[in-house]
Amino acid sequence: MEFVFLAYPSCPELHILSFLGVSLVYGLIITGNILIVVSIHTETCLCTSMYYFLGSLSGIEICYTAVVVPHILANTLQSEKTITLLGCATQMAFFIALGSADCFLLAAMAYDRYVAICHPLQYPLLMTLTLCVHLVVASVISGLFLSLQLVAFIFSLPFCQAQGIEHFFCDVPPVMHVVCAQSHIHEQSVLVAAILAIAVPFFLITTSYTFIVAALLKIHSAAGRHRAFSTCSSHLTVVLLQYGCCAFMYLCPSSSYNPKQDRFISLVYTLGTPLLNPLIYALRNSEMKGAVGRVLTRNCLSQNS
């Protein structure tokens, strides 16, 4: 059995434009996130738990986009835009696993900010490298476990004869739309998985930031308040982008499914968010900006010498 992707433009000129546009964005995503990872691993001033989480987030987003974007680029230039049942299940499994890990990791980063601002004296003792590694590994394993359960459930359902998917890749809503035995139970099962991956981490993030805001209001120094807020604002911006798109995609009922709207939101969190994350963290964080600048300078000097 094969699925056919129906969302690609039929005009040959648009194929080339789409390929060039997506290639450019993908190149910027890989470059930006690799710069973040390299800067964090080479700059001693960034050897803290906050930057360890940021480096892990960038690493996950490199893998996250690599699951779908190369396939999108290949399909853009191919006449037959198909994928096998196994290929679709594999793509969805990795995409959901890494996307869920991303959400769980953002919750861990919120906890890190909570400890740093609300318990600054205990921060070095509480947020050890061992704990950070455990939280990152737990995020990935939890995402993988949730993904395997969801994908096994979806692909155990019968699919209709016309396997046309109104999308660019195998995401949950468009694939569920071609399931023949759609029922309230199936929709609720997918919703439970979405709540575990999106709503629960978002609740933990909201709780962390409630305590953070309360702590910030107690800081009398304007400079101290501004510094604390600047370290949180980057993370909060990324959270709103990521969770806003994911909630719109996965927490809405299937009756409100709109293929065109769905595709646009998918492009935002598949290409837009991974592209903006390095920019947000680099531009809003002076330490990160300085580290990236030094890495680029060293690279330019080594090439010129």
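Quick reminder: no glycine exception, Cβ is built from N, Cα and C everywhere.
It should be emphasised that the depicted structure is a prediction, and the values quoted were computed from it without experimental measurement.
The membrane topology recorded in Swiss-Prot keeps L6 and P158 together on one side.
Counted with DSSP, the topological domain 'Cytoplasmic' (112-130) comes out as 13 helix, 0 strand, 6 coil. In summary, the transmembrane segment (46-66) lies against the transmembrane segment (263-283): three or more C-beta pairs, each 6 or more positions apart in sequence, are under 8 Å. In this chain, the transmembrane segment (91-111) lies in contact with the transmembrane segment (229-249); the count of Cβ pairs under 8 Å, excluding pairs fewer than 6 apart in sequence, is at least 3.
Mapped onto DSSP helix, strand and coil, the topological domain 'Extracellular' (67-90) counts 17 helix, 3 strand, 4 coil. As a quick check, the transmembrane segment (17-37) and the transmembrane segment (189-208) miss the bar of 3 or more Cβ pairs under 8 A, pairs 6 or more apart, so the two do not touch. Within the chain, the topological domain 'Extracellular' (152-188) has long-range Cβ neighbours (under 8 A, six or more residues past its boundaries) at 1-8, 68, 71-72, 75, 83, 85, 87-89, 91-92, 95-96, 249-250, 253-254, 257, 259, 262-263, 266-267, 270.
Proximity of distant same-chain residues to the transmembrane segment (263-283), defined by a Cβ-Cβ separation under 8 Å and at least 6 residues beyond the stretch ends, is recorded for 7, 22, 25-26, 28-29, 32-33, 35-36, 54, 57-58, 61, 64-65, 68-69, 99, 166-169, 171, 234, 237-238, 241-242, 245-246, 248-249, 289, 292.
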